Amino acid sequence: MSEQFSVKSKKNPYKKELSRLRRAFLTVGLFSAAINLLMLTGPLYMLQVYDRVLSSGSVATLQGLFVIVVILYAFLGVYEFLRARLLSRASYRMDQAVGADAFGFWLRSGFVDNKEHYNPVQDLAVIRAFLASPAILGLFDLPWIPIFLAVVFFIHPWLGWLTVGGAIIVIIAAIINRFASRDPIKNAGNSEGVERSFVERTRRNAEAVLALGMLDKVTDRWSGLHQNSLGHYQTGGDRSEIVAAFSKSFRLLLQSTLLTVGAYLALAQEISAGMIIATSIVAGRALAPVDQVIAHWRTIGRAGDAHRRLKDAMDYIPDPQSGFDLPEPKGHLVVKNVTKLTPKNSLVSDRPRILERISFELEPGDGLGVVGSSAAGKSSLARLLVGLWQPDHGEVRLDGATLNQWHNEDLGGHIGYLPQRVEMLPGTIAENIARFDPDARDEDVIEAAQIAGVHDMILKMPQGYTTYVGTTEQPLSGGQTQRLGLARALYGSPRLLVLDEPNSNLDAKGDEALASAVIGMRKKGCTVLVMAHRPSVIQAVNKILILHEGKVGRFGLKEDVLQHATPQRPTAAPSSVFEV
């Protein structure tokens, strides 16, 4: 929950799983060797039938050869099954080993510079599908092309060189396909990420889009993004399809050419008639993996891009051993010379520093109201205090320890946080309040709800605490959602409570419940910080910090700050401090 979001970690579960995958690939390679050798069964059987059985008329020989063929093909089927099963299990293990970290990074991606469009969950799905697709089988069969070429050379050098020439042409076509489609596929992946982000954000704001008559305009914007993605995919697909069509038709032409040359050699008594058919089959098998790779090149290209993105994303997974088992904090908070720079490539803020040299200290039981105009830096300070952001300069200490000294899960258990934008996750009300802790006790959930003043509100819902929320089937008002979010923040009796504009959607009754909750938590020794734009909650705190353009305007006891702020605007209401 701290600097690990933006600093590369020594832990990369994907790289670790890749080393295991390489061992699985070694076994798959051995199966591929056996499979490709057994692929010679058909040509050799045909050669023996034409050259031995038909010339001798021996039924016993034919029966013996057929029994051998049945046994060899049975082994071939078993090896094919084992190879496919091994790759399928490898893809499953990959998902099991990396899935949780990929999901965690996806949630944190907004806090990592230039990674907000990454979706490692989707990338992992692409890689998993690739590992179970025919595309990877073609890659494993490619190294065995020389074996089939050697067999053709053994039949006759002319046929061998003709097959080599054809293979070189097909491989050159595959290389051209790779370079011709690489950029379109990469651009398509990037465009798809931007489009996906736009769709997700638009879906979350569907009410405003529909109510304000924005649907057609937003649809046009999505259509432009979608057409851009499709255009890149179409460009890459067109190029791949041209090469695939050429490769397939050329392979058929090559086989006909081999039959022609083979017939000429048979007429010259240099090879037998059976060798003509065997050569055609073996040569076709030699070029089949190249055709397969070309046909699935889009899948291979997408998997390669997903692999690079996932490997990069997993570099930012926090090291589970980076924290320490520190004692439960009392709530002594020290913020010293904290400066937060504007994220790279940000177009939102025109200031180089979101926060600049912020310093203050709070004792357990203190309540601090952080006030200021919009874009003063209140929400940014809240993110720093709970460890979502790491200061570029300065430090935030809780009971003497910087936030990155704690284990992430331990620190989260000691912190209560209500973000400015509150949403319930799909689950029951009790599960949401308990932060989805499977070991949560009912009495702890009820206690948090009672402190937040939402116990009676919950009991009036259809199934009470077991009411399922977080979906369109059970919509909550903004005030209800915010009050349930407050209960979630209070769960577990946190020692540090950070509330970002907690009363933005509350009515008078909700304001009273919020003030009562803040006072109650302070009495229990919890350090409370309220980022406020409305003055009603200030009555529950004893200190005030005024932010102005990311800097401390004034900090101190509530009475002193209000006393100094009021004379500046004698005609203004006491709430004028919120516009400083």
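In case you wondered, yes, glycine gets a Cβ from its N, Cα and C as well.
Residues annotated as domain 'ABC transmembrane type-1' in TrEMBL: 26-302.
As annotated by TrEMBL, domain 'ABC transporter' applies to 333-574.
As annotated by TrEMBL, transmembrane segment applies to 21-40 (among others).
Here the transmembrane segment (60-82) has Cβ contacts under 8 Å with residues 31, 34-35, 38-39, 41, 45, 48-49, 52-53 of the same chain, all six or more residues outside its ends. Feature annotation from TrEMBL assigns transmembrane segment to 60-82 (among others).
The transmembrane segment annotation in TrEMBL covers 135-155 (among others).
Taken from TrEMBL, the feature transmembrane segment covers 161-180 (among others). Away from its own ends, the transmembrane segment (161-180) comes close to residues 145, 149, 152-153, 239-240, 243-244, 246-247, 250-251, 254, 257-258, 261, 279, 283, 286-287, 290-291, 293-294, 297, 301 of its chain (Cβ-Cβ under 8 Å, at least six residues beyond either end).
Residues belonging to the domain 'ABC transporter' (333-574) score a mean pLDDT of 85 in the model.
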